[in-house]
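Report on one structure; see the data block that follows.
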């Protein structure tokens, strides 16, 4: 037996012996490890190469940096954040004053692989893509002649307008009495089972306290990062797509699903926006993305839309949350 095989076997054996180790990944409903630890192929948390290297089967938070933002605050400074989300604190925005730069940076510390993987262009492109998709979800610039253009009005809302309960029976994540699970936060997370999974991953009881996504800005950003960083089979994570770590399977290729910003739209809201030809919502997402890429001085990459992509049929997304 090689040293590598022995190492993996020993690691697996230790999991059987140490039943108290914290679970994560597909073995634990997509849960993330606390403190930015890596999730191994076996669903346990740690910070060594056996846990953290992709080639060793790492499932999430694979940088192993233990919570460092890796220079995110230099990649996107407070001034640049304010420039990109220019009108988020406008008097007409219901969420004015909520989405702060400090909360954005603090939340990112729980997801150390965000915008720290790859070269400078890849890191900037991930920031642009994340802010673009979440800006579309929270935009206040649609449907009127918005000053400075519609793509300066992201992060205007933190609650869904005219919401329903979004409660569906689930044995693992039952709805709490009197609670509603409508869209909240940058990614507008919906449905009780998504609140439950997200809360479990970030260590917050969101089933009983769903409104934390609209009252605590750091937790709110964490919910969006959780969605961004977490794969939900058969969907890859948005993170893996934008950094180039995902390759389409045969079924993906047959469905026209190719790497690029457009696939992220498919992951988030493909059931309503993809595979149907031109779509104004897809164009809005692309508009935000191009503006943010231009602001950060990085190219857009290929395959920006999902017009010819079939949507995924399962896994959490904005259209199925």
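We number each residue from 1, going along the chain as drawn.
Any Cβ shown, glycine's included, is placed from N, Cα and C.
Computed from a predicted structure; not experimentally measured.
Annotation note: residue 137 (active site, proton donor) sits in a helical segment as assigned by DSSP. What Swiss-Prot lists as active site, proton donor is 137.
Residue 39 (disulfide bond) falls within a strand when secondary structure is assigned with DSSP. All protein chains included, residue 39 (disulfide bond) registers 28 other Cβ atoms within 10 Å of its own Cβ. Per Swiss-Prot, disulfide bond is recorded for 24-39 (among others).
Positions annotated as disulfide bond by Swiss-Prot, on the basis of sequence analysis: 33-45 (among others). Residue density at residue 45 (disulfide bond): 23 other Cβ atoms are found within 10 A of its Cβ, drawing on all protein chains shown.
Look at Swiss-Prot and you will find 38-52 (among others) tagged as disulfide bond, backed by sequence analysis.
Annotated disulfide bond per Swiss-Prot: 58-62 (among others), in sequence order, evidence recorded as sequence analysis. Following the DSSP three-state reduction, the secondary structure of residue 58 (disulfide bond) is coil. All protein chains included, residue 58 (disulfide bond) registers 22 other Cβ atoms within 10 Å of its own Cβ.
Sequence-distant contacts of residue 93 (disulfide bond), defined as residues of its own chain at least six apart whose C-beta falls under 8 angstroms from its C-beta, comprise 87, 140, 153, 155, 156, 157. Taken from Swiss-Prot, the feature disulfide bond applies to 93-156 (among others).
Positions annotated as disulfide bond by Swiss-Prot: 167-175 (among others). Around residue 175 (disulfide bond), the same-chain residues at least 6 positions away in sequence with a Cβ under 8 Å from its Cβ are 165, 167, 168, 181, 192, 207.
Look at residue 306 (disulfide bond): DSSP puts it in coil. The disulfide bond annotation in Swiss-Prot covers 274-306 (among others), and the record cites sequence analysis as its basis.
The domain 'Chitin-binding type-1' annotation in Swiss-Prot covers 22-64 and is backed by sequence analysis.
The region 'Hinge' annotation in Swiss-Prot covers 65-98. Summarised as a single figure, the pLDDT of the region 'Hinge' (65-98) averages 86.
Under the heading region 'Catalytic', Swiss-Prot lists 99-321.
Sequence annotations record features per position, and here Swiss-Prot assigns signal peptide to 1-21 based on sequence analysis.
Cα spacing between residue 58 (disulfide bond) and residue 24 (disulfide bond): 11 Å, rounded to the nearest whole number.
Fewest other C-beta atoms within 10 Å: among the disulfide-bonded residues 62, 167, 274, 306, that description fits 167.
Taking Cα separation as the measure, residue 52 (disulfide bond) is nearest to 62 of the recorded positions 33, 39, 45, 62, 137. In this view, residue 24 (disulfide bond) is surrounded by 28 other Cβ atoms within 10 Å of its Cβ, with every protein chain counted.
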